[in-house]
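**Student:** Before I ask anything, here is the structure I am working with.
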């Protein structure tokens, strides 16, 4: 039985031909994830793309335990999984098997297979918002806390191409070890609005984006689909989107923003992508 403070939905895999025939409502029903952060609750979306779970936990006046859900088929949530939690709210804490870590805004924690996890906020008036990413694991790896200042930083793009940005790699082959999760954050500079353009696909990994750090009235037009058959989904702040392995994943905002990207699949090689020539986009 699912705990009373946890809600979950299931998203099945969609092939590119079916996605090309979808209208706006169908695209959003299959790929868009909203309502992630609700006070006192954990909201989870179980995706059949590489069995990735995308979710949000927003503890307020009491801790929230990450308990199992039916789709995992296990007695404990992380019995055969690993987890990454990124805090995009006020200061909070994550407890893993009795060890507590304080997460400032934009800090990350990794929980390996077999851990029991609980989330809490330091100040109920400014609650933490933990963005959750979980994928199947084959071995237990050490729990870790990575501060945003300790992440591997790359400054790329330019104002001339409207894509000046800083990339923060939380998980990478030279850093924290995971079974298959790869997670990072990109912050666009003021005046820059484009992400991941020129675009690419990676058939061996799915990806999920969480857009945040933008005003309530701002939007990001997230581009998806096969390069020759693109579609868009309009994204508001603190909303996520699933990207199948066959799909591009790019976006353009009405103002600058930040987003958290996460991948799972056959490998953790950032360079294992197929670039899409601009002239083939339609």
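Cβ atoms are placed via backbone N, Cα and C, with glycine included.
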**Student:** If Swiss-Prot says 200, 202, 207 bind Zn(2+), which of 138, 145, 249 does it name for the same site?
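**Tutor:** When Swiss-Prot describes the Zn(2+) site, the candidate it includes is 249.
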**Student:** Write out the long-range same-chain contacts of residue 202 (Zn(2+) binding site), meaning residues 6 or more apart in sequence whose Cβ is under 8 Å from its Cβ.
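**Tutor:** The list for residue 202 (Zn(2+) binding site) reads 245, 263, 265, 272, 273, 274, given in order along the sequence.
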**Student:** Only counting partners 6 or more residues apart, tell me which same-chain residues put their Cβ under 8 Å from the Cβ of residue 200 (Zn(2+) binding site).
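**Tutor:** 248, 273, 274, 275, 276 - these are the non-local Cβ neighbours of residue 200 (Zn(2+) binding site), listed in sequence order.
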**Student:** Determine which residues of this chain, when 200, 202, 207, 249 are set aside, have a Cβ within 8 Å of the centroid of the Zn(2+) site's Cβ atoms, and list them as they appear in the sequence.
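**Tutor:** For the Zn(2+) site the neighbour list reads 196, 199, 201, 205, 243, 245, 247, 248, 263, 273.
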